[in-house]
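This is the structure I have questions about; it appears just below.
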């Protein structure tokens, strides 16, 4: 009897972990966008007017729970919880629920950035949250949950990142560290996540996952409800989980401890793709991109060029401030069949703490758009750059087609096919790429979706004529506005 029960439990755990890697995308859609710090009402409108029609699969939204109000309203205040009430600068619970429903109705899934590791850091005196809840973080008193000091690990500072105890039981940058082995803490976290599932979300991005023991997270994940069938999810669907685990390959707490529980953020992807398109590594080496570079297996890796944290750091990571290289890196990211892809949608920043665009009363303002659909009032909206949303369409068009026809010049000019459905070429050299290349596409004329769009049968940018052998003449000048060209079967003139 015991052996049967144990086997049954292990099988259930295995099936749950496998299910938690499924993002529940509609049809052939397969790209997530992080609409960082957007309001819920604006996200709902964006799903209906842009993301759905452009074929985006889902949105990662900023934390939904009540947070501390910090002076100047820096973005990171959202990562300092006061309670699990669904009231933030992005909106209230009613507005959040309306957004989730409207996005699901147009095939765009919602993934919530959730904070299970900690509550707010120290605050002088009584802190007031975005829903008006009072707390005394220094005393570890959060009546809005409620949590008291007994629900937290003892106060200590992380001084040695090679010490597992410190990494997982001390306070990350002073944030009060919850004890996830506590039955009470577990129950409150599960209750919070289950409420979001009831409202129709498809899954969660788990912040600071490496700072929590994997066995505690496994318990929490396995205790969650199935996704809400009223929002179009099949019966017995499990929430998609992707976990923030920063692992550069030499960490005491490894990404491998979490990869079977759900997807894991592959930070090495971000660093190495930045190195390549900054010119620090020849593009020819990208032929073995993915597990050949020591990355996680494709289905366990959440991949990105930059995220809301590392785009603010110096180093190899590319961001919107290097637009030509950034668009090339994003095109490669979305064209190469590796990982679960997420693109960034930022707001402009001058320093690490810059808040999102806000009015004189410190209320987040809605994005505004010019005649081309680009954002103009402090929002960057990379997802609205033609070169990026066109590659979301490219990724949808080629879907599961394999890499074929790799070509390179031994340096920084490369091209490859995605079966007979798509073709990409890149030029990161200081001289032109002018070459007859195998596009692997059926004969015909194709619109380069990077330089233009196919409108009423005509291409507004470059076009390439492919002969009966699949070859076409490819030209990317060293001083072209974009260093990449993309063709696919859904953009045939």
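In case you wondered, yes, glycine gets a Cβ from its N, Cα and C as well.
Annotations per Swiss-Prot:
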| type | residues | note |
| --- | --- | --- |
| SIGNAL | 1-19 | signal peptide |
| MOD_RES | 20 | pyrrolidone carboxylic acid |
| DISULFID | 47-103 | disulfide bond |
| BINDING | 117, 168, 177, 211 | Ca(2+) binding site |
| DISULFID | 156-170 | disulfide bond |
| BINDING | 205, 307, 342 | chloride binding site |
| ACT_SITE | 207 | active site, nucleophile |
| ACT_SITE | 244 | active site, proton donor |
| SITE | 309 | site 'Transition state stabilizer' |
| DISULFID | 375-381 | disulfide bond |
| DISULFID | 417-440 | disulfide bond |
| DISULFID | 447-459 | disulfide bond |
Determine, from DSSP, whether residue 244 (active site, proton donor) sits in helix, strand or coil.
coil
Which one is it, among the recorded positions 20, 103, 156, 244, 417, that lies nearest to residue 307 (chloride binding site) by Cα separation?
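Given the candidates 20, 103, 156, 244, 417, the nearest one is 244.
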Can you give me the residues near the recorded Ca(2+) site, meaning same chain, not 117, 168, 177, 211 themselves, Cβ no more than 8 Å from the center of the site's Cβ atoms?
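Other same-chain residues near the Ca(2+) site: 118, 153, 167, 169, 170, 171, 172, 178, 180, 208, 212.
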Among all the protein chains here, how many other CB atoms are within 10 A of the CB of residue 47 (disulfide bond)?
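That number is 26.
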Near residue 177 (Ca(2+) binding site) in space, meaning Cα within 10 angstroms, which of the recorded positions do we find among 20, 47, 205, 244, 381, 417?
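Cα filter at 10 Å returns nothing.
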Would you identify the secondary structure of residue 447 (disulfide bond) according to DSSP, in three states?
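Strand, per DSSP.
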Compute the mean position of the Cβ atoms of 205, 307, 342, which form the recorded chloride site, and then list in sequence order the other residues of that chain whose Cβ is within 8 Å of it.
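So the additional residues around the site are 32, 34, 60, 113, 242, 244, 265, 302, 304, 308, 344.
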From the Cα of residue 168 (Ca(2+) binding site) across to the Cα of residue 156 (disulfide bond), what is the distance in angstrom?
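So the Cα of residue 168 (Ca(2+) binding site) lies 11 Å away from that of residue 156 (disulfide bond).
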I'm trying to understand the geometry here, so how far is the Cα atom of residue 342 (chloride binding site) from the Cα atom of residue 207 (active site, nucleophile), in Å to the nearest whole number?
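For residue 342 (chloride binding site) versus residue 207 (active site, nucleophile), the Cα atoms are 16 Å apart.
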Here are some disulfide-bonded residues: 103, 170, 375, 417. Which one has the most Cβ atoms within 10 Å of its Cβ?
103
